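Residues or ranges marked as domain 'Anaphase-promoting complex subunit 4-like WD40' by TrEMBL: 100-178. According to TrEMBL, the repeat 'WD' annotation covers 129-170. What TrEMBL lists as region 'Disordered' is 410-436, 606-676. Per TrEMBL, the feature domain 'Small-subunit processome Utp12' maps to 480-581. According to TrEMBL, the compositional bias 'Acidic residues' annotation covers 606-642, 663-676. The annotation compositional bias 'Basic and acidic residues' is assigned in TrEMBL to 643-662.
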Amino acid sequence: MRLPEYADVRSASIMAADGGFSSQMLPCVFSPKSHQYLALCAQDGRLRIWNTDSKTLHQEYVPSAHLSATCTCIAWGPCRTAKEGPQRKKRKSEAGPPAETTDLLALGTAAGTILIYSTVKGALQCTLDGGHSGAVNSVQWHPEENVLYSGSDDAHIAEWDLQTGKMRCKWKADRTAVTSLCVSPNGKLLLSAGMTIKMWDLETKEVYRKFTGHSTMVTTLCFATTRPPDSDGMYFLSGAAHDRLLSVWQVRSDRKDKNAVVSFTLTDEPRHIDLLKSDSKEEAVRLAVVCKDGQLHLFEHFLNGPCKKPLSPGCSVQVSSAGGKSGEDDTPVPVPLLAASLNSDKQSLQLAYGSYLQPVIETTPVNTAERHICLVRDIQTTLSLSIDTAISMVKTPIVNEKKSKVLIPGLPGHQAPLKSAKQSSQPEKRKKGTPTEMTIEERLEQVELSAAGKGGEKGISTLQTDSYAVLLVQGLESKDKNILNRIFQIRKEMLIRNTVSRVPLPAILPLLEELSIKIQGHPNSAHAAVDWLKAVLTLHTSYLSSLPDLVSQLGRLYHLIESRVKGYQQLLRLHGKLYLLMTQVATSSSGHNVNELDHTAKLVYEEESSDEDEASGDEGLPEDESENWEEDEDDDGEDMDTMEERQNHADEEMREDSKANGDESDLDAENESEEE
């Protein structure tokens, strides 16, 4: 059986973790060789060691600073001979090789300290502090000596002597944080990784080789072979954050090892790796990789040189539940895998899946001939059986409903009739003066669906902002769509901001996921979800910017907003064209409805006849003067053009004309008067 989609694995992992609002992968490691124990740290900061044979909790340790200095990494120590209490002497026939068991466990914390826990004693053996100023990201044991190596955010590597509990030496490994370490099988080389991978000589503490090829922080390092480096047969694996490839590097004697020789394709970032190392070229390397999305990929490859094409997994395993709840679709729900280990028989796997607080451990055979395997498991039944078989110090008494009595608090001597729980089906009316606590159903009744937000009934106090915040957190934890829909339909801006400001920080990411789902839905619900999204991004910007994997957490919301913004300009242009078209249609339709124009004049102006104007205008004016007036107008038009040029000589010419023609002008005047 194969799941239709595996896109909800991350949400399933969040749901599987009890009370956890973060999808961060927590430390989870099987013990070496025998795989008898599984050590993991849950969200509460406690170390739990489970017995894989009996499927029960073997030990539990609570560090003194488990809340402030949480556990960041776990590493099992090498197997050693168990030294328990005094035992009777055995005969030579009964005597055999001493049994090797896993005892010590190293825990790196966010405060920079390292805790050494003994599973045989069931107590803390020692504490290594004073070596790092930042969080410890990786711890590795030396395979032969009693030495421990640790890498931290302060970009340093520390070497610890476990016999004295003190630090031997410390050196700077990179410019950025040291995120992963790995010691070679012969104990002479050490791999460290931040942005680049460096191989150190543990005797001189100098760089032996450098490997570059990852664009993000390297989170996984592991040696794949036990061959010496001079034989060109030493290989190691590396995986980086947000990278879906697992790279294989070869340590060559000619130092031509700048690029990875083999790469394995994955569905998500690698989180847990278990492999069976190769001793020779004829022996293949078997690899089991648990990815961040909860799937398991199995590989088998002969490491004898470079391979150009990435290798796909030979088999992929995923776990799913049997089906949905009653009354719902029986669609299987993916269950995330926490860790996996390869057994020596090469036919079976040991899996841990489900919740970090109570994982399900199972040994199952796997047919690697199939490319995809889906294991359907009823997790609820498995957990209920394990809880029933577990020893509990709390005993629940059996109550007989027929003989039991219900005591009602009141004044002494009160003779009110006693009512059982079944008889009092209807709730009593509350008095106005008695303060009572409202149930969830009553709170939901008080949440108004309208945008106006009317108040509650008389005598019942309306909900405050704290109640909305509590309801919102309860809805996110229980995935109750009814509560979330009622809360998201609030439209008051101040009420939304006050509610979002009171939401605890672990609930911010689930709230953003629900809002992104709402935005992708119906436009009415999307319009209401935008106001909530705006309030979350403005009020909790500092918390969101502090998340290390912000891109992966808000990837769907980022792509949604980016796609909407890209189409905004095109929508504006379309809106403008449609608006212009509608206005033209409206004006053309209104022009056809105009009535016929009235052509009758509102005002008539009549001019007088031209004969009357000539008679009235020419009376008392001589003909010569009228002609001279017209000629003067023509002369004036011509004289205006040459006035400036003749201005200097005009006075002299006028004087000469007046002297020469002075008598003639007088005669002309007399003749004109006689003619008149």
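Glycine is no exception: its Cβ is also placed from the backbone N, Cα and C atoms.
Keep in mind that TrEMBL annotations are predicted by a computer and have not been checked by a curator.
The average per-residue pLDDT of the prediction over the domain 'Anaphase-promoting complex subunit 4-like WD40' (100-178) is 90, rounded to a whole number. Under DSSP, the residues of the domain 'Anaphase-promoting complex subunit 4-like WD40' (100-178) split into helix, strand and coil as follows: 0 helix, 44 strand, 35 coil. Secondary structure of the domain 'Small-subunit processome Utp12' (480-581) per DSSP, as helix, strand and coil residue counts: 84 helix, 0 strand, 18 coil.
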